[in-house]
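K.L.:
From TrEMBL, for reference:
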- 1-22: region 'Disordered' (REGION)
- 56-85: region 'Disordered' (REGION)
- 64-77: compositional bias 'Basic residues' (COMPBIAS)
- 117-179: domain 'TRAM' (DOMAIN)
- Gln388, Tyr424, Glu445, Asp495: S-adenosyl-L-methionine binding site (BINDING)
- Cys522: active site (ACT_SITE)
- Cys522: active site, nucleophile (ACT_SITE)
Amino acid sequence: MSTAAAIPQSRPLSDSEVEGPVLKKPRLDKEILVEEKAATPDALETVLKEDSEVVVPLEDAQPRHGKVAKHKKKKRKEPPLPEPCSAADVLYQEIRALLGEDVVDEVTKSGGAFQPPFEYGEELVVKIENIGSGGSGIALAPQEKGPWAVVVPFALSGETARVRIVKSDRMHSIATPLEILTKNAELRNDSRVQCKYFGSCGGCQYQMLSGETQLNLKRDVIIRAFKIYSKLPESSVPEIGSTVESPLVYAYRTKITPHFERPPKWAKKNEVKPGEQPPWLKIGFNMTSSNSTMDIEECPISTPILNERYKSDRKDIIQNIFSYKKGVSLMYRDSLDPSFDAEKMMSPPIDKLSEAFTRHVCITDQKGSAREMVGDYLFEYNAGGFFQNNNSVLPLLVDYVRDLISTMEYPATSGHPTHLVDTYCGAGLFAISLASAFNKVAGIELSQSSIKSAKRNAKLNSIPDEKISFLSGEAQNIFAAVKDFPADKTVVVIDPPRKGCDDLFLKQLLQFRPSTVVYISCNVHTQARDVGVIVRETEKDDEGRRYKLESLRGFDLFPQTAHVESAALLRLY
C-alpha cells in the first residue's frame, strides 16, 4: 500500500453504534462555559451568543435628554443539568454525594455552581477521597476554597497528589496529576503498566491495578448505579455477584478507531522531509480529559492483527499526509478470514482447527463483512456496525444468560419458557446462541442491514426458518411482530445501546408482560434506570404480574478500563 487513497477512511460512529469505552475522537462539547473560556487559553471558542452581545433597537441606542443610555447585559443562563445517566451526570451525582446534596443545592441556588475557586494552571495538593465510576479519583478542594471537588485521573483513594487545574465545570475542576506524593501501596503497582502512554492516553484508567481490584471496582460501579438511578429500595436489589473476569486482559480488543487531522493551513510540504513525521501530525487516540489527539503507534489492549495493520498504515499516512483535505477516523476490525466459504466451514464435519477458523485478518472497510466464532456459532456482520469488542469473554456472557434462564424456577401453571424474543438483536448473537433452549425464537431489530445479517447467520448455524425469524419491529409497536407468542412462556432479552430503552419501548414491554426479562447492558446506569421503571411500574399489580429483580452481575468486557457491562434478570411473581 503506497498511496493515501489506499488508507481506509471513515467518520466517527453514531452514539448508537459506539461499543464500550470510546477510543476515537468524540464530538466537540457544545456546553463550554464563559468562565472556562477565560480560564483556559486553549479552550474551544464556543460561547453562548447572549454572553457576548446584547442586540438593542437603533433608536434605543441613542442618548436621550443629554444622558448616556445604559443598557443592561442579559444575565447568562447556566447550562442545563447533564442528561440523566450520561457520563457527566454520573460524575455530578458522585460529586453531590461527596460534597453533600444540601451543600451543592445551596451553592447552585446562590449562583456559584460554575464559579471555580481556582485559576487555570493553578497548582495545589489534594487528597483523593474515592474513585468515581469513570475511573478518576475525586478529591475535596482545600477547605479555604469552599465546597468544591477536584477530579484527578489516574489517582487512587487515599492518595495525596500535587495537581494542576486544567478545566472547570459544574461544582468541580479537572486536574492533571503532576506527582503522586503519597501512594496507595495496597492498590497501586506501577510495574503492572504495559503501555508507555498510560497516564496520558484517555483509553485506559486501571493498568496500575491488579485484576482483582479492577473487578471489585466495577462491582462497586454497579452498586452505585442502582443506588442512584433505579430508585428502588435496597431490599429490592439482590446481592450483586463478583464481576466475571475476561480470559484476556490485554490484546483482547477486536475493534479500534484511531484518528488524525488534516495538515494545518500554515504547514508547507517542502518543509517536511519525505517519510518524516511532522511534529504537528498526531495519529492515535484522545488524551485524557481533552479533545486533543495523542500520537500513539500501537495499543496493547488491541489484538496483534490490528496493531500490525495500524503500524503499516501509519507509515502511508505520514508519507501522504498532504493529500488529506479533511480529518480522518480510521477503523480496524479483527475478523476471521472472510475469504473462506462460510457454508463449507459450518458443514459437518466441522474442523475448528482448520485455517478457516484460526486465520485472522484486519478488516478496514466499515462497509465490509467481518466474521467471528462465539462458542459453537459463527457470526457475520457489517464491520462498521455493532458487535462486541472482546470475543474472549462473549462465550462466558452467553453461557451465563443461558444458565440463568434454564436453572430458574418457574410457576407450575406456565412451566419452563418455550419462546424467546431478542430485542435490539443486531446480528442475532443471543437469538442464535440461545435458540437450542426454545421451541420458537424471534429477533427484533430496526436496522434492515442487521436483520439481513441475522437471517444469514441463522442459516449458517443450521437453525431452521420454522424455529427462528428476524423481524423489523416498528418503534411504535415493536411487540406486534410477536403477538402470537404466549407471554407467560416467553423470555425477552434486551440488549440496547448506551442510551438504554426509551419510554415507549418500556411501555410496550410492560403491556406484553413476558414471564422473564434478561437485560444486558453496556451502560449500567441506564440499565439501573430502566430496571427501576419496570419494577416500580408493576409493584402494585396482581400476583403473577409484578416484576422482581432476581439477579445482577457485571462482566469485564474491557479490562484495564473503568468500563463494566452487566446482566440483570427479572421475572414475574
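Cβ from N, Cα, C; glycine included.
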K.L.:
Count the Cβ atoms, other than its own, that fall within 10 Å of the Cβ of Glu445 (S-adenosyl-L-methionine binding site), considering every protein chain shown.
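P.N.:
A 10 Å sphere around the Cβ of Glu445 (S-adenosyl-L-methionine binding site) contains 24 other Cβ atoms.
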K.L.:
Counting across all protein chains shown, how many other Cβ atoms sit within 10 Å of the Cβ of Gln388 (S-adenosyl-L-methionine binding site)?
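P.N.:
There are 22 of them.
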K.L.:
Write out how many residues of the domain 'TRAM' (117-179) are helix, how many strand and how many coil, based on DSSP.
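P.N.:
Counts, helix then strand then coil: 3 helix, 35 strand, 25 coil.
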K.L.:
Tally every other Cβ atom lying within 10 Å of the Cβ atom of Asp495 (S-adenosyl-L-methionine binding site).
P.N.:
21
K.L.:
If you measure Asp495 (S-adenosyl-L-methionine binding site) to Cys522 (active site) at Cα, how many Å is it?
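P.N.:
Taking the Cα atoms only, Asp495 (S-adenosyl-L-methionine binding site) lies 8 Å from Cys522 (active site).
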K.L.:
What's the CA to CA span in angstrom from Tyr424 (S-adenosyl-L-methionine binding site) over to the residue listed as 'active site'?
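P.N.:
Just about 13 Å between their Cα atoms.
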K.L.:
Return the average pLDDT for the domain 'TRAM' (117-179) as a whole number.
P.N.:
97
K.L.:
For Cys522 (active site), what is the tally of other C-beta atoms lying within 10 angstroms of its C-beta?
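P.N.:
Total other Cβ atoms inside 10 Å, all chains included: 24.
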K.L.:
Within the same chain, and leaving aside Gln388, Tyr424, Glu445, Asp495, name every residue whose CB is within 8 angstroms of the centroid of the CB atoms belonging to the recorded S-adenosyl-L-methionine site, in sequence order.
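P.N.:
My list of surrounding residues reads Phe386, Asp422, Thr423, Cys425, Gly426, Leu429, Phe430, Pro496, Ile520.
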K.L.:
Give me the Cα-Cα distance between Glu445 (S-adenosyl-L-methionine binding site) and Cys522 (active site), rounded to a whole Å.
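P.N.:
That comes out at 17 Å between the alpha carbons.
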